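Features as listed in Swiss-Prot:
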type	residues	note
BINDING	Cys28, Cys32, Cys35	[4Fe-4S] cluster binding site
DOMAIN	14-230	domain 'Radical SAM core'
Amino acid sequence: MNAPTPAPSPVDVIPAPVGLLAELTHRCPLRCPYCSNPLELDRRSAELDTQTWLRVLTEAAGLGVLHVHLSGGEPTARPDIVEITAKCAELGLYSNLITSGVGGALAKLDALYDVGLDHVQLSVQGVDAANAEKIGGLKNAQPQKMQFAARVTELGLPLTLNSVIHRGNIHEVPGFIDLAVKLGAKRLEVAHTQYYGWAYVNRAALMPDKSQVDESIRIVEAARERLKGQLVIDLVVPDYYAKYPKACAGGWGRKLMNVTPQGKVLPCHAAETIPGLEFWYVTDHALGEIWTKSPAFAAYRGTSWMKEPCRSCDRREKDWGGCRCQALALTGDAANTDPACSLSPLHAKMRDLAKEEAAETPPDYIYRSIGTNVQNPLSEKAPL
């Protein structure tokens with residue numbers, strides 16, 4: 001009698017995706033210097049049409065996706081945003097609108113509510129209007145955001161404020177907390193900048209020093225106790241000052257997928273920075289086929305790709321080796337240990353780099369823009 005075939009390791013089983021990040025467009029009225037979009041932004045002419053997005057959502061629901069994050073760019077720049085949101089409701093997908101709250105966002109909010117929008121995440125660049133508008137690169141943005149937030153809570157929609165923290169606004173962390181309470185937000189994300197995409201280009205302008213980071217953490221922890229039951233505060237610390245890396249996107253190809261405006265499906269925001277990966281498009285393949293068979297998703301899924309010290313580490317199924325894109329940017333090899341990990345031989349150098357940049361006078365922001373040839377000031381610097 002043949003021996004039974006052993007069951008595959010739980011690590012090797014491909015789980016159903018939980019979330020879909022639908023980047024409907026890269027168009028955005030803001031020009032934030034930490035934007036996680038790629039440096040080469042998709043133009044409007046390359047964007048997926050309405051029917052393709054509706055098919056993608058239908059396939060996502062069939063795969064078991066629960067949450068759809070309608071993002072961009074600015075998702076309300078799409079004339080079909082109401083139709084797309086209605087499709088989420090029809091399919092039973094929880095819809096989260098990730099928005100700047102400016103431009104045409106307010107004008108479309110009531111219609112989005114009427115078709116079943118579930119949640120709004122509003123980005124706020126600063127508490128002081130002048131500082132916020134300097135960071136976002138758009139004048140008169142702050143009053144629009146406040147009007148938008150007020151209408152969200154008037155409609156009874158749950159509101160999350162997202163504040164990306166860096167040296168230009170880290171002094172405003174107490175103000176972000178007060179603002180979230182004032183606006184009636186249910187949740188506040190105090191998310192220290194993650195240095196990918198445009199943030200990597202602007203790292204020297206954005207990097208705070210460790211004492212500032214530590215103080216911001218202390219403030220958040222105190223506020224969590226003070227506001228328990230009133231406001232949930234999520235805290236994301238910067239990798240450059242962390243002891244262990246984050247599980248990027250919950251683990252490469254384990255929980256989330258990201259569909260770009262032109263239909264390229266990514267395991268994470270910055271995956272396109274890794275050379276040699278083969279990405280599939282929703283115009284050529286069904287979403288389920290991409291999730292289970294795409295070479296890009298298979299490349300760093302699970303643990304078999306890992307080198308030491310990750311391969312034998314007891315945290316390998318907790319943080320999944322950290323961020324592949326950051327490992328590439330800082331070590332030159334996407335399969336190396338993320339240097340955010342204290343077990344990486346390059347961890348101390350990463351800390352030193354942050355310390356050096358935080359001590360320097362910050363350069364001017366290089367603002368996010370479509371159609372501009374961006375010269376990355378870090379491109380000529382050797383990895384760690």
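Keep in mind that glycine also has a Cβ here, set from the backbone N, Cα and C atoms.
Cβ neighbours within 10 Å of Cys35 ([4Fe-4S] cluster binding site), excluding its own Cβ and spanning all shown chains: 25. Annotated [4Fe-4S] cluster site Cys28, Cys32, Cys35; additional same-chain residues within 8 Å of its Cβ mean position, judged by their own Cβ, are Leu30, Arg31, Tyr34, Asn37, Gly73, Ser100, Gly136, Trp198, Arg368. When pLDDT values are averaged over the domain 'Radical SAM core' (14-230), the model yields 97. Under the three-state DSSP scheme, Cys35 ([4Fe-4S] cluster binding site) falls in the coil class.
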